[in-house]
Amino acid sequence: MRVIVKGGVWRNTEDEILKAAISKYGKNQWARISSLLVRKTPKQCKARWYEWLDPSIKKVEWSKTEDEKLLHLAKLMPTQWRTIAPIVGRTATQCLERYQKLLDDAEARDNEELGLGAGEDESSKPATDARGLRPGEIDTDPETRPARPDPIDMDDDEKEMLSEARARLANTQGKKAKRKARERQLEEARRLAFLQKKRELKAAGINLRAKPKKKGMDYNADIPFEKQPAPGFYDVTEEQAKVHAAPVGSTLRALEGKRKQELDEIEERKKRQKKGDGKSNQTQQFVAAREAQIKKLKEQEQIIRRRKLNLPIPQVGERELEDIVKIGQAGELARELVGDGNKATEGLLGEYEALGQAKMARTPRTAPQQDNVMAEARNLRNMMAAQTPLLGEENTPLHGPSVGTGFEGATPRHDVAATPNPLATSARGGVLTSTRTVPGVGTTPLRTPFRDDLNINDDASVYGETPMNDRRRLAESRRALKAGFAALPKPENNFELAETEEDEEEAEEAEPLTEEDAAERDARLKAAREEEERRELERRSTVIKKGLPRPVNVNTYKLLDDLNSAIVEQTDEEMAAAFKLVNLEVAMLMKHDSIAHPLPGTSTPGGLASEYDMPEDDFVAEAKNAIHTELANALGLPGASDEHLRLAIGAAAEENEAAFAEAWAEEREGLVYSPSTRTWVDKTSLSPEELSACYAAMINASRDRVIAEATKAAKAEKKLGKQLGGYQTLNEKAKKAIVDVMEEIHQTKRDMETFLMLKGIEEAAAPARLEKIREEVAVLKKRERDLQARYAELNDRRRENLAAIEQLEEDKIVLAAQVALEAQEGEVADGDVDMNGA
């Protein structure tokens with residue numbers, strides 16, 4: 001007995017049978033499909049379809065992008081090839097084989113670098129391809145290999161398998177479909193036989209008994225919902241009288257016509273004939289079209305493999321180019337003037353040709369790109385060869401954290417290689433670097449040393465060698481350093497622990513503490529940030545908190561002089577010194593607010609750090625408590641809360657408001673505004689001329705204020721007119737509609753009153769009018785009866801006269817007949833007399 005071991009290399013015939021079987025049975029009945037293939041199991045058939053024959057499988061060469069994605073996903077999800085395959089767009093077997101090949105290439109590259117690859121031979125290379133199998137080896141995964149060509153002489157088993165598959169696959173209908181088709185053919189034959197019998201009997205003069213008419217409509221004889229067409233303009237009697245000749249002498253097959261199956265066979269025969277006639281021409285055209293298509297696909301593949309061109313953004317705009325041209329023209333003019341003069345002055349001006357170096361300028365070469373595929377393959381190979389981490393050895397050496405695809409996401413990291421910018425590259429062989437520490441601010445590129453023929457500046461100069469520029473650069477560095485220190489967070493807790501030997505021994509013996517949960521750590525850090533933000537908001541001044549008006553620009557020295565000049569002469573020097581300290585603190589706080597919270601229109605440069613030393617929160621709290629206690633004692637409310645103090649101060653202010661207003665009015669009457677000093681002065685201290693000038697200035701100021709207010713009001717009115725114009729139009733329309741509705745209501749009321757009045761008049765006059773009409777109707781009825789009687793009498797007389805006329809006509813006819821008869825008898829008698837006489 002011959003034993004057949006299923007499996008092995010797939011052949012072309014088996015692939016074709018498998019594809020035909022899948023097209024018939026689908027991709028779920030693998031047991032039925034495998035019954036057509038003698039040497040294959042259902043599992044092998046399924047693997048063959050999903051690993052090789054499926055049209056969606058990519059069999060082209062792997063690209064660099066796919067290799068990077070494969071290695072990156074293998075690093076994130078090791079050995080999960082079923083998950084990686086749909087992301088890469090390949091099958092799991094293809095991904096695994098490509099992964100092993102990349103690792104083998106990385107190993108070979110490392111061996112070449114270490115000088116270990118000289119003694120290798122062909123037998124030591126891995127067999128990654130089915131065609132590279134050594135003698136005696138068996139391919140463990142033949143479902144992923146190309147099919148082997150069919151042999152010229154097939155075995156009997158293969159021929160039997162092929163014939164059986166051809167027979168089974170040709171039968172596209174099942175048993176039930178066959179039975180239904182056979183029943184339809186029998187029904188059609190029965191119907192045709194009955195029709196032929198009926199026609200033959202009718203031709204012989206024998207009519208079959210008609211079936212009893214069913215109730216309802218016979219849809220075979222009648223037309224449901226039939227509507228006769230309307231008669232037209234033309235005579236159609238000839239068409240209706242046309243007699244159709246009976247099909248005498250015609251066979252039933254000719255009357256029935258050709259069936260659909262016969263028509264399909266004729267059409268298929270024509271197609272085969274046409275295909276056979278133009279087979280040679282089509283073959284030549286197909287070969288040419290196929291070559292053109294292959295060429296087009298190769299061109300597209302080359303285009304896809306090209307690196308994307310990334311050009312740098314333009315460093316010089318149109319306006320700057322025009323300025324550069326003007327500067328170059330100015331230099332040329334200066335050179336011509338010097339050249340026309342004395343030879344002694346020619347050495348004072350260097351040769352600064354605008355396009356001198358631009359003629360030989362070349363775009364710097366793009367930096368070499370790292371091979372991410374090889375780097376990732378080496379890293380993965382090193383990780384696979386590493387020992388278990390429980391041994392405590394060093395970590396696996398990787399090829400740099402910046403090289404590779406990274407761990408940022410599911411897709412590999414790509415470094416875009418842009419064309420270098422020649423303007424950002426130093427002409428002396430180095431790349432421009434900035435010495436500033438403020439982020440986002442760069443130094444001016446080396447402009448003067450590019451064309452320094454007189455060697456005024458050295459190679460490393462940026463701003464020049466003037467002392468002013470050096471001091472400016474030093475001050476800027478200090479300011480940036482201070483800003484960096486100011487941005488550092490303040491320490492929350494300061495602890496100093498002196499650990500003894502006993503503590504060290506206990507720490508070694510104690511168990512390690514558990515690691516803090518990430519969610520708890522994030523919540524703690526968030527609470528700390530919110531607390532720090534709240535403290536920063538509380539450190540703001542009251543003016544900033546309440547949004548009170550404040551000056552845009554603050555001159556600390558002038559403000560301090562004005563505040564100190566307002567201090568009343570104090571007998572106590574300590575109080576005067578205290579007032580000065582308070583004024584100094586106020587001036588510094590106002591300057592800090594203008595820098596930290598600038599207003600629109602300020603002249604303070606942005607990014608400037610305030611020099612105000614913010615007091616500690618504890619000191620501020622103690623000062624507020626002291627002020628609160630002193631204010632409560634002054635108001636006679638010791639121990640009162642802030643709310644009670646606020647109410648007490650408000651009540652005291654309301655009591656003194658009237659007195660203050662009266663005192664201010666009296667004081668205001670004795671003051672005038674002096675335009676010369678721009679202050680309010682006493683009237684008694686001015687001469688009449690100065691007083692009139694002050695009044696004139698006040699009148700002009702009032703007039704200007706009135707004009708400004710009028711202008712503002714006009715602008716507001718215009719703005720409101722634009723905003724409310726639509727609403728005004730709608731209001732006018734609504735008002736007009738309301739007026740129209742009211743007029744309609746009034747008109748309706750008038751009509752109703754008129755009709756009510758008419759109703760009353762009609763109700764009063766209707767009875768008399770009805771009585772009169774009834775009398776007229778009675779008269780008309782009586783007259784009609786009389787006329788009807790007269791008509792009946794005359795009608796009877798007419799009938800009598802007609803009867804008399806008919807009787808007279810009959811008598812007349814009878815009389816005429818008698819006369820004619822007598823005349824005829826007389827003629828006969830005369831004839832007899834004549835004959836007797838003769």
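Note that Cβ sites are derived from N, Cα and C of the backbone, with glycine treated the same way.
As annotated by Swiss-Prot, DNA-binding region applies to 30-53 (among others). Note on the DNA-binding region (30-53): residues 4, 6-8, 10, 14-15, 17-19, 21-22, 91, 93, 143-146, 157-158, 161, 164-165, 168-169 of its chain, located 6 or more positions outside it, place their CB under 8 angstroms from a CB of the stretch.
Residues or ranges marked as DNA-binding region by Swiss-Prot: 81-103 (among others). In this model, the DNA-binding region (81-103) carries an average pLDDT of 92.
Residues or ranges marked as coiled coil in Swiss-Prot (evidence: sequence analysis): 250-311 (among others).
Taken from Swiss-Prot, the feature coiled coil applies to 727-813 (among others).
According to Swiss-Prot, the compositional bias 'Basic and acidic residues' annotation covers 131-151 (among others). Long-range contacts of the compositional bias 'Basic and acidic residues' (131-151) within the same chain: residues 7-15, 44, 47-48, 51-52, 91, 93-94, 97, 123, 125, each at least 6 residues beyond the stretch ends and with a Cβ under 8 Å from a Cβ of the stretch.
The compositional bias 'Basic and acidic residues' annotation in Swiss-Prot covers 255-278 (among others).
The compositional bias 'Acidic residues' feature in Swiss-Prot is assigned to 498-519.
Residues annotated as compositional bias 'Basic and acidic residues' in Swiss-Prot: 520-539 (among others). Long-range neighbours of the compositional bias 'Basic and acidic residues' (520-539) within the same chain, counting only residues 6 or more positions beyond its ends whose Cβ lies under 8 Å from a Cβ of the stretch, are 489, 492, 545, 614, 617, 620.
The domain 'HTH myb-type 1' feature in Swiss-Prot is assigned to 2-57; the stated evidence is sequence analysis.
The annotation domain 'HTH myb-type 2' is assigned in Swiss-Prot to 58-107 on the grounds of sequence analysis.
Residues annotated as region 'Disordered' in Swiss-Prot: 114-155 (among others).
Per Swiss-Prot, the feature region 'Disordered' maps to 253-285 (among others).
What Swiss-Prot records for 433-452 (among others) is region 'Disordered'.
The region 'Disordered' annotation in Swiss-Prot covers 490-539 (among others).
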What are the helix, strand and coil residue counts for the DNA-binding region (81-103) according to DSSP? 20 helix, 0 strand, 3 coil
Quick test of the contact rule: Cβ under 8 Å, at least six residues beyond the ends. What residues does that give for the DNA-binding region (81-103)? 50-51, 57-58, 62, 66-67, 69-71, 73-74, 126, 128, 141, 144, 373, 377, 380-381, 384, 410
Secondary structure composition of the domain 'HTH myb-type 1' (2-57) [DSSP: H/G/I, E/B, coil]: 31 helix, 1 strand, 24 coil
Secondary structure of the compositional bias 'Basic and acidic residues' (255-278) by DSSP, residue by residue, totals 20 helix, 0 strand, 4 coil
